[in-house]
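Single-structure report; data block below.
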Amino acid sequence: MVKWLVLVILSVVGAKLNDEYDVCPEQIFLSNKTNLQKWIPDKNEPVKINSSKTTDIIAQTIKFSHLKSVDDITDDLYYTMPPLFQLDNYDACLVRNATFCLGSFHLSAPDDNQLNSLLQWVSSNARHRFNHTQLHRGLCLSTSCINVSNTPMSPEQQFQQCVNNVTRSQYGLEASMLRLDYCKDAQTPASVPLDVADDIFLALCIALLSANILGTLYDIFRHKTNKGNQLLLSWSLISNYRNFTHIYPNEDTIVSRFNSIHGIKSFILQLIILAHSVIAIHMAYVYNTKSLETLRRHPALMILMNGSQGVQPFIVLSSFIFVHNFLLLDERYKKRSPVLIFFVFLLRRIARILPLYMFMVGFTATWSRFIADGTMWIPIMEKEAQVCRMKWWSHALFINNLYRPDDRCLVQTWFIAVDMQLYALSIVLAIALTRWTKVVIKIIPLLFLVTILCNFVAAYTFNLKAGLYLSNPEYLKKLHYGMPSFKWMYAAPWASLPASLLGIATAYLYYEMRNNKIDLNKYKWFKIIYRASVPGLFGWIYAGYFLPDEPSRLLSAVYAAFDRPIICIIFCIVLLGFIYRIDNIYWRAMSWSGWQILGRMSLCILMIHWTFNLMQIALQTNVKEVSVLQHIGHWLVTVLMTYLTSIPLHLLVEIPVQKFLRAALCI
C-alpha cells in the first residue's frame with residue numbers, strides 16, 4: 001500500500017513540474033495572434049472581464065476539431081471554459097447578515113457557439129471528466145450580485161439572474177438554474193429544528209451511559225465467587241474491555257488458524273475508507289478540477305476506481321464463518337426444528353449488528369446536523385439527516401437497499417442490508433445441505449453458475465454496468481443518485497450472491513479436508529496457485545485499466561457478471577492459504593496480534609467512517625484544492641477520528657447491548 005502511495009506522489013509531482021498551468025484552473029487563456037496578455041485571477045476574488053470584447057475573442061480563438069480525443073485538450077482550451085465551481089466567503093457573508101445562496105446551473109447557447117460545443121465535447125468523456133455544461137456556484141448576494149437589477153426580487157431570483165449575467169457577459173452562454181440547495185442568512189432557522197426525535201435519541205444515550213455505569217459498579221462490588229447477574233454483567237466496562245483486548249496466540253488451534261481474518265478485515269477497511277475519501281472529495285467544490293480529472297487517469301489509482309468489489313470478501317467471510325461454526329455444532333442441536341434453528345441464528349446475527357447499526361442511523365438522523373456549519377453542510381449533512389429520518393425503519397428491517405434505493409442514509413449501509421439478506425439465505429442452505437451433505441459438491445457449484453448467468457442476463461437486458469463504470473466524477477458527486485446500475489446491480493443482493501455461495505462452499509471444503517486430515521501444505525500445485533493469488537487480487541483489479549471507456553453492451557454485461565465472482569474465487573484461495581499457513585509472509589502479516597483488536601471494531605469502523613468523510617467536505621467554506629497529499633490527509637484524518645470514536649462506541653454500545661440481548665433472549 002505504501003509503495004503505491006509513494007508511486008502516486010512521485011508521478012503527480014513529476015506531472016506538476018512539467019505542467020506550469022495545472023496549478024491554476026480558473027485562469028482563462030485568451031492567446032491568439034494579437035498576443036493578448038495571460039492573467040491569473042485570485043481564487044477568492046470575482047473575475048472581471050470586458051464582456052463584449054472577451055466574448056468575441058473566445059468565440060474566435062476556440063479551435064478543437066483537430067484534436068483526436070478529449071485527452072489531448074490543451075490548457076488554453078481547458079481554461080477557456082467557465083470554472084466549474086465558485087464559492088464566496090461563507091462565514092464573512094453571514095457575519096455581515098447578507099444572504100448566501102448555493103446552487104447548480106445548466107449552460108446553453110446556440111448551436112454555432114464554439115464554447116458551448118467545447119463544453120459538450122469535453123463532457124462527453126464522462127468516465128474521467130466532470131460535466132462542464134453544469135456550473136456550481138455559492139455566492140454572497142450583497143457582494144457578488146450588487147448590480148443585478150433595481151427591481152425588487154427574491155434571493156432565488158437574484159441568484160439566478162446574477163449567475164446568468166456573468167456567464168452571458170463573459171462567455172456568451174445562458175445559465176438556467178438546475179437546483180437551488182439553499183439561500184440563507186444569519187437569521188435563517190435550521191431546516192429541521194430540535195424535535196422529539198432528538199430528545200428520544202438523547203434519552204437513549206443517557207440510558208446507555210447509565211447502564212454501563214451501573215453494570216461496572218455491580219462488577220466491582222459483587223462477590224467474585226458467585227456467577228453474578230449476567231444481565232448486569234453484560235454492561236460491565238471492565239469485563240468488556242478485558243474481552244476487547246484479549247489476544248489469541250498464533251498457535252496451531254482451530255481458533256488461532258482464523259487469526260488472519262482480523263488482519264484481512266482491517267486491511268480491506270482501510271482501502272474502503274480511502275475509496276470513500278475519494279468519493280467525498282468528488283462531492284466538494286473543487287478548485288483545480290483539471291488536476292483531479294488528470295489524476296483519475298493515473299494507473300496507480302485504478303485500485304480506487306475499480307476497487308469497489310473489495311467489499312465482496314466480507315460477504316465470503318460472513319458465510320464462511322457461519323457455515324464453519326454451524327458444522328462444528330453438536331449433531332443433536334442440528335436435529336432440532338429447522339425453523340427454530342433458523343430464527344435462533346438469525347436473532348444472534350441481529351443482536352450482533354442491529355444495536356450499533358441503528359445507533360448510528362439514529363445519530364445521523366438527529367444530532368449530527370447540529371455539530372457544525374459550513375457552505376456544504378445543508379446539502380450534505382442536513383440532507384443525510386432527513387433521509388435517515390425518512391428511512392430509519394427500512395434500516396431496522398435490513399431492506400434499505402430495496403426501499404427507495406436512490407435515497408441513501410449512510411451510503412455504506414447497503415452492504416449491511418445485503419449481508420443480512422444473504423446471511424439469512426446461508427442459514428437456510430446450511431440447514432438443508434447438512435441433511436444432504438453428499439450433494440453439496442454438486443448443488444453449490446450449480447447455484448454459483450446459475451447466479452452468474454442470471455446476473456449476466458439482467459446486466460445485458462437492462463444495460464447494467466459493473467462498479468468500474470460507476471466511478472465517473474458526476475456519478476460520485478451525486479452519490480449515484482438515479483443510477484440503475486448502482487441500485488439493481490452494485491447494491492443488490494443477487495449481485496453478491498456468488499460471493500455468499502463461495503463462502504459456503506469453502507467452509508464445507510475446509511470442513512471435509514480437516515476431517516480427512518488433508519494438509520494443503522503437502523500439495524505443490526496449491527502452493528503455486530496460492531502464491532500467485534495475492535498479487536492476483538490486485539492484478540484483476542488493475543485489469544480494469546485496459547477496458548474501454550465505452551464498452552459494448554455484451555462486454556459490459558460479461559464484465560458485470562464475472563467481475564465479483566472472479567475476485568471472490570481468488571480470495572477463497574488466499575483464505576485457505578492463510579488458514580493452512582502456507583507462506584510465512586502473507587499470513588504472518590495478517591496474523592499480527594494488533595489486528596485482532598482492530599478487527600473486533602470492524603462494524604464500528606464501517607458505520608462511523610463515512611460520517612467523518614462527509615464532515616470534512618461539509619465544513620468547506622471555500623473551493624477545495626485537490627492533490628495526492630490532500631487525498632492522503634483526508635484519509636488519515638478520517639482513519640484517526642474513526643478509530644478514536646470506535647473504541648468508546650464498541651465498549652459502551654456494541655458489546656454490552658449485544659451481550660445483554662443474548663442473555664435476555666437466551667440465544
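Glycine residues also receive a Cβ, built from the backbone N, Cα and C atoms like all the rest.
Since we're looking at a predicted model, the values are computed, not measured.
Taken from TrEMBL as is:
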SIGNAL    1-15  signal peptide
TRANSMEM  200-221  transmembrane segment
TRANSMEM  267-287  transmembrane segment
DOMAIN    273-648  domain 'Acyltransferase 3'
TRANSMEM  311-329  transmembrane segment
TRANSMEM  350-372  transmembrane segment
TRANSMEM  414-434  transmembrane segment
TRANSMEM  446-468  transmembrane segment
TRANSMEM  488-508  transmembrane segment
TRANSMEM  528-547  transmembrane segment
TRANSMEM  559-580  transmembrane segment
TRANSMEM  592-612  transmembrane segment
TRANSMEM  632-653  transmembrane segment
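Confidence across the domain 'Acyltransferase 3' (273-648), taken as the mean pLDDT and rounded to a whole number, stands at 91. Distant neighbours of the transmembrane segment (267-287): 1, 25-26, 43, 84-87, 136, 138, 303-304, 307-308, 310-311, 313-314, 375-376, 380, 411-412, 473, 476-477, 479, 590, 602, 605-606, 609-610, 613-614, 616-617, 620, 622-626, 630-631, 634-635, 638-639, 642; these residues of the same chain sit at least 6 beyond its ends, with a Cβ under 8 Å from one of its Cβ atoms.
Here the listed stretches are 200-221, 446-468, 528-547, and the one with the most C-beta pairs under 8 angstroms to the transmembrane segment (350-372) is 200-221. The list of residues near the transmembrane segment (488-508) in space but at least 6 beyond its ends in sequence, with Cβ under 8 angstroms from a Cβ of it, reads 308, 312-313, 315-324, 327, 401, 405, 414-415, 417-418, 421-422, 425-426, 429-430, 433, 437, 440-441, 444-445, 447-448, 451-452, 454-455, 458-459, 462, 464-467, 470, 480, 560, 564-565, 568-569, 572, 575-576.
Tertiary neighbourhood of the transmembrane segment (311-329): same-chain residues 258, 261, 264-265, 268, 272, 345, 415, 418-419, 422-423, 426-427, 430, 434, 496, 499-504, 506-508, 510-511, 564, 567-568, 571-572, 575, selected by CB-CB distance under 8 Å and a gap of 6+ residues from either end.
Sequence-remote contacts of a segment are chain residues at least 6 beyond its ends whose Cβ falls under 8 Å from one of its Cβ atoms, and for the transmembrane segment (200-221) they are 228-229, 232-239, 359, 362-363, 365-367, 652-653, 656-657.
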